[in-house]
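Sharing a structure below in structure tokens format, with a few things to ask.
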Amino acid sequence: MCGIVGYLGEKNTKEILLDGLKELEYRGYDSAGIAVLEDGNFSNYKAIGKLVNLEEKTKNYSTKGLAAGIGHTRWATHGKPTEINAHPHLGESSYVVHNGIIENYTELKKELINSGVKFLSQTDTEVIVHQFEKNLKSSKSAFEAFSKTIDELSGAYAILLVTKSEPNTIFYAKHGSPMLVGKNSENEKYFASSDTPLIGHCTDVNYFEDGDYGYVTCDEIAIFDQQGTKKEPQFSKLSQNKLSAQKDGFRFFMEKEIYEQTSVVSDTLMGRLSDEEIIFDEIDKNLFDGINEIKLCACGTSYHAAMTASYLFERYAKIKTSLEIASEFRYREPIMTKDTLFVVISQSGETADTLETLKMAKKAGLKTLVICNVDNSSMVRLADSTILTRAGIEKGVASTKAFATQVTVFWMLTLYIAKFKNSLSTQEISRQIKLLREVPSHLKVTDEMHERIKRLSKRYLHGHGFFFIGRDVFFPLALEGALKLKEISYLHAEGYPSGEMKHGPIALADPELFTIALLPEHLHYEKSKSNVEELSARDSTICAISSKEFDKADDFIKISTCKDYMLEFFEMMIVVQILSLEISIRLGNDVDMPRNLAKSVTVE
Ligand code: M6R
């Protein structure tokens, strides 16, 4: 995903910007650029591909004195990954970089074009700089023009802008995308979209809040809130330890990644939703020509996301869907017919078992699609088509945000297929797209919820086993909850369909058997409830997760009242992830690097 850096000071601005961008490389990008204003003149460089290309282009360039510079790594959303679409974007005498999405850019662009402005790129970002320059003509100062511009934008953004009309100043705004500013005793100012580029340069940092905007000069960091009221910066000391800074103050990467799900899922959705349809620019509609069946193949957590998709594809897209565990598929001499689209799902894109099945499908002449988080991975290079999940790097071995983004992609893909198959009405597709827009807010972890789970986790440190149970898409979620717990707590846990317990496992029921019951209000509530009551009657210890109070449970974790079962799915996903995390922490385990496991399993 995109990264932003900014610098105002007398050191070699180019080096500082490029080093900062390197620290953000892990987020993934497809082009990069910098713009530096020194002595009233701009120097601007852009390159597609990796930062080495930008380094090569700038190798003979350096600054000599005070300069204001901004830099950006871009992950294409609006417009292809070309040099013209790379940031910074130029107006007449100003440059801008931006993370996020300007939702009203089409209207603004239309007005600007009508007034004679020429656009070079296909990006939403370019409107910011032109709008600023339009406002500049009728404003008393660059800051007034910038404030007006920010007022006119809707959407999510972190913005840096430099302009000849106010040299030695960097203007900034933050709404929905992260950004911070740092200072040091040498009067230098640094901006970035996460703390790591600032480590070693700054002692104190201010994390901007949504709605903050303003400017920095050598002597001042001016911050205004959404209402335009000036406020004091709230500085905190910046840790000088890169590893702990990368954790953003969380105890473990897994915990950080759970909390990040709200923002990475916004990235997954970015540029892919219109009011009535899903836009996947990266896949050709003819990928589905002649296809009567979808075969989903994966391992571990990715397999659970695939299983969730199998319910959605058949229910909404009305397409026959089968599901395969990659390590099994490889050796069972499967029948592969050319009317099947073979879809592999992988966070890493390197899992050996999954990769081999992709090779088998290609060899059999099937069309292939990969849902993956890592661009340029082996699977991405091999498959006919790719949809990237945009989760950003996942460090915790126990996968969390990869799962959330995979399920989000699958939900979008369901609606994408449903549209051209006419299996859902336009109104229903629009309704579900509205729900998709709400997913990020349902993924927010509240202190209250985390605290509650932390407290009750102490009751679940022993026992002879856990059953996570659910119906329909809550069955793969139950499997995923059980896998999370197993991986990091080393306690035995199984995921089971709620209705299947009575066919055997209920024999295990006693107070030392812990049942984690997923009880969505909007999907088979009564049936699932009866299954839990059967276990409760046999004295199993029950922890129920639901929006509806449930008095047969020993513990109850309340999620919010949602409009649809898929939103309940995401809320419950957060609960099972945090429950596993807190149990593991109480047991003193290494949450991020559990024993015997590797992040990427490249062996059979
Ligand atoms: O990179 P992949 O998605 O292909 O990895 C598949 C599994 O190895 C992975 O999901 C594994 O199960 C995780 N440790 C789950 O937390």
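Yeah, the Cβs are placed from backbone N, Cα and C, and that goes for glycine too.
Annotations for this protein, taken from TrEMBL, read as follows:
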type: DOMAIN; residues: 2-219; note: domain 'Glutamine amidotransferase type-2'
type: ACT_SITE; residues: Cys2; note: active site, nucleophile
type: DOMAIN; residues: 283-423; note: domain 'SIS'
type: DOMAIN; residues: 456-594; note: domain 'SIS'
type: ACT_SITE; residues: Lys599; note: active site, for Fru-6P isomerization activity
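Tell me what's around each of these sites.
Other C-beta atoms found within 10 angstroms of the C-beta of Cys2 (active site, nucleophile) number 26, with every protein chain shown included.
For the domain 'SIS' (456-594), residue counts in helix, strand and coil come to 66 helix, 28 strand, 45 coil, using DSSP.
Within 10 Å of the Cβ of Lys599 (active site, for Fru-6P isomerization activity) there are 15 other Cβ atoms, across all protein chains.
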Quick one: mean pLDDT on the domain 'SIS' (283-423)?
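On average, pLDDT over the domain 'SIS' (283-423) sits at 95.
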Give the residue counts of the domain 'SIS' (283-423) per reduced DSSP state, in the order helix, strand, coil.
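Looking at the domain 'SIS' (283-423) with DSSP, the answer is 64 helix, 29 strand, 48 coil.
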Helix, strand or coil for Cys2 (active site, nucleophile)? Use DSSP.
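DSSP assigns Cys2 (active site, nucleophile) to coil.
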Could you round the CA separation between Cys2 (active site, nucleophile) and Lys599 (active site, for Fru-6P isomerization activity) to a whole angstrom and send it over?
24
